[in-house]
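Visitor: Got a structure for you, written out below as structure tokens; questions coming shortly.
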Ligand code: ADP
Ligand code: ASP
Ligand code: MG
């Protein structure tokens, strides 16, 4: 008997028929003798719908007071899901009970709309499991030290599931979704994308942090920190397929680099449309200027991603960086009203219509010329690179948003990711 955590995403929970299917699948695992904790997301579209209602009443505000209420509202999506799934399981003859985040409780900090899990008390859940019940726990949510309901950021049910698996030392955490695993890139953008049988934890971490929305980055961080065996697989296979076959399907996030396996140089391509670029033109090129610009940005709690400073002409330079698109207006205002005048910048410019495209692969450590191959492929498509950032296992470029799909397709081809050997 093993303790298994299943997570089902919004599409997998999208209708009562689909919820019935989820229940039948979970029932199969119970009948095979496993203890089951199930973490569903809200039904597809529901979180957007709920947040949309709030936006109608307060279009622009992101004050802590409004954010608190957004969490109050958004958390109800998962509350409906857990109740429905528990009923569907009971209808299958499987005893089950549902809990919201605060009932477990899943303790978080108080950063509304992007709270971090601090601890999980599994006493109640363990007691239910011991009593032979399936425990259905709402994803995406927790409770802070003052009993306020919090949510974990979009896609946060992944993190709930992995954190619960970590806290309970589950034997495995299975993330059921609307694709049958992790692909070389988003198959919605590149139909030739191939499923990876395994992906190393480090690559998955990079893919998630660079914008691949298949897993929320914090879920991968948790899996790494607590060594949670993690697999991404399809919820759309027939529920009654052989359980052993199902248990081996999809993509395993692997913690071991297989020395024997010929590593593909590039394993995957990620992209991110959520950033915006800002530039201070004609700032004095002198010691401390980066700090003078980025210090106030950091103080305003704005995260910075790619940074570029040009060579100077006549003692003046241009300084660009990217921020989350949600922070674009705030950053522009800060630069125009405060940082620009303080640094004697000639002008402030901004471009919210950019995107970041990245190639990822641990094979990049031991191969040279990977970045230049990337740049060549982009130049052959006439795509201008605005910024570049690299680390040991990734190279990212910032380009005009309108070329994103073209860039992803060109790179997928250039690195032979549609070939079996590259994806194996
Ligand atoms: P869920 O609702 O199950 O959490 P998500 O929509 O959050 O599902 O994530 C699954 C989606 O992630 C897929 O439908 C796919 O379009 C997208 N995706 C992005 N990058 C990848 C990738 N590398 N491999 C597979 N799917 C990806
Ligand atoms: N329902 C939440 C969202 O849409 C959490 C999740 O689906 O993981 O972001
Ligand atoms: Mg998701």
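Numbers here mean position along the shown chain, with the first residue as 1.
Heads up, the Cβ atoms here are built off N, Cα and C, so glycines get one too.
TrEMBL does not curate its annotations; it predicts them automatically.
Under the heading ATP binding site, TrEMBL lists 7, 8, 9, 10, 177, 178, 183, 188. Annotation source TrEMBL lists substrate binding site at 47, 78. Look at TrEMBL and you will find 278-353, 359-424 tagged as domain 'ACT'.
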Visitor: Which ones in the same chain are close to residue 78 (substrate binding site), with CB under 8 Å and 6+ residues apart in sequence?
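Guide: 40, 41, 42, 100, 101, 138, 139, 140, 141, 157 - these are the non-local Cβ neighbours of residue 78 (substrate binding site), listed in sequence order.
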Visitor: Whole-number Å distance between the CA of residue 9 (ATP binding site) and the CA of residue 47 (substrate binding site)?
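Guide: Rounded to a whole number, the Cα-Cα distance is 12 Å.
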Visitor: Going by DSSP, how much of the domain 'ACT' (359-424) is helix, how much is strand and how much is coil, in residues?
Guide: 34 helix, 14 strand, 18 coil
Visitor: Using Cβ-Cβ distances, find the residues under 8 Å from residue 188 (ATP binding site) that belong to the same chain and are at least 6 apart in sequence, listing them in sequence order.
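Guide: Non-local contacts for residue 188 (ATP binding site): none found.
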Visitor: Filtering 8, 10, 47, 177, 183, 188 (binding-site residues) by proximity to ligand 2: which pass a Cβ cutoff of under 6 Å to any of its atoms?
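Guide: The binding-site residues passing the 6 Å Cβ test are 10, 47.
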Visitor: Anything from the binding-site residues 8, 9, 10, 47, 178, 188 with its Cβ under 6 A from ligand 3? List those in sequence order.
Guide: 9
Visitor: Got a sec? Which of these binding-site residues, 8, 183, has the most Cβ atoms within 10 Å?
Guide: 8
Visitor: In the predicted model, what is the mean pLDDT computed over the domain 'ACT' (278-353)?
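Guide: That stretch averages a pLDDT of 93.
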Visitor: Consider only the binding-site residues 8, 47, 177, 178, 183: which of them have a Cβ under 6 Å from an atom of ligand 1? Write none if no residue does.
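Guide: The qualifying binding-site residues are 177, 178, 183.
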Visitor: On the Cα atoms of 7, 8, 9, 10, 177, 178, 183, 188, which are listed as binding ATP, what is the maximum pairwise distance in Å?
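Guide: Farthest Cα pair among residues binding ATP: 22 Å.
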Visitor: Specify the secondary structure state of residue 7 (ATP binding site) as given by DSSP, simplified to three classes.
Guide: strand
Visitor: Could you state the CA-to-CA distance between residue 47 (substrate binding site) and residue 178 (ATP binding site) to the nearest Å?
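Guide: Spelling it out, the Cα of residue 47 (substrate binding site) and the Cα of residue 178 (ATP binding site) are 17 Å apart.
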Visitor: Return the count of C-beta atoms lying within 10 angstroms of the C-beta of residue 7 (ATP binding site), excluding that atom itself.
Guide: 30
